[in-house]
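Undergrad: Dropping a structure here in structure tokens format, bear with me for questions.
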Amino acid sequence: MKRRVVKQGDPPSSARGVQSSDGAQKKEAAPSRWRLKIGLLALFIVTISLPFSVKMLPQLIQHLVYTHRIRLPFFVDLSRPADFSLNHTINMYLTSEKGISLGVWHTVPANQWKEAQGKDLAWYQSTLSDGNPVFIYFHGNGGTRAFPPHRVGVLKLLSALGYHVVMPDYRGFGDSTGEPTEDGLTTDALYIYNWVKARSGNSLVVIWAHSLGTGVTTNAAVKLIKQGVDFDGVILEGAFNTAQQQIPMNPFHWYYWKIPGARYFYTPPWATNNYIFPTVENLKKMRCPILILHSKDDNLVPIKIAQGLYEVAVSAQNAERVKMVTFDGSLGYQHNGLYIDPHMPDILKKFVASL
Ligand SMILES: *[C@@H]1O[C@H](CO)[C@@H](O)[C@H](O)[C@H]1NC(C)=O
């Protein structure tokens, strides 16, 4: 597989170069001043040229948006979930469309961990219809399904509560093949849902979507509605609204807002139709129970955005079917840490019981 690596640390590492020349200043003042100047010039060129090159290179945009080639954590074997102390998890590869292979984990409820030892795919698949709710987790941008602590953390939490968890990496993420696009991610999500539904019997199938996954999930929900199908329930954690989130708030643009001046040169990607994620429009059409989870100190998506989404969803349905739980900023959960809240098990059990 061809790998083009977009280095997460590119602009900051130029900055580090400047610092190290600073450090050398004590010894040889004159040359180091030169190095400092060259460093600053390089930083300036990177700062100025990156947004321009982004305008010219849609592919680069794609990499920055999905940051999918940054395979955090590094040096792990995603095919061995036991390495993440998931001893009741199987790794598999599912083909969501021709040529697209998705790496997927399936974790059974934690109380089945002993039984799960040494079991094969067929056994795992047969458990999906054991009556325990099945959660499908659609993760955010960047990294892989093993991204600790929060993805593995959510997985362990759900499993401890007695739920199955199916957690895919979208195309282009982790060890999945292909390149990510909005349509492609939506297709992957629908495929995973249908794959689970074909095996889950009468069990509830609940979607937990985080960040980028919330856009993917509401897209998938609307496609399903066209086929006359609703999700049983959807959790939207750290949901964003592309239409409202200008730089510097859009979660995909941290790359840019960390670079001074970038925003003045940068065309918002939603103006180029490369990706949209029309969550507001989607929520107006959705009819399944929805639980919105958001921390008041979310550093990527301000709480106001989530409140706006909640209001849209409530007026499309009602306050009985659409709930929002917020977490105080003093808890420090930001964008990813909500799963550690001591009330989370009760919040989840209540939601599942309401479905
Ligand atoms: C296997 O995982 C379960 C559930 O997380 C845990 O309770 C158990 O202690 C683990 N067993 C071993 C041997 O690590």
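Here the Cβ of each residue, glycine as well, is placed from N, Cα and C on the backbone.
Okay, so TrEMBL annotates it like this:
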REGION    1-28  region 'Disordered'
TRANSMEM  36-54  transmembrane segment
DOMAIN    133-255  domain 'AB hydrolase-1'
Undergrad: Could you tell me the mean pLDDT the prediction assigns to the domain 'AB hydrolase-1' (133-255)?
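TA: Here the predicted model's pLDDT, averaged over the domain 'AB hydrolase-1' (133-255), is 89.
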Undergrad: In the domain 'AB hydrolase-1' (133-255), how many residues does DSSP call helix, how many strand, and how many coil?
TA: 47 helix, 21 strand, 55 coil
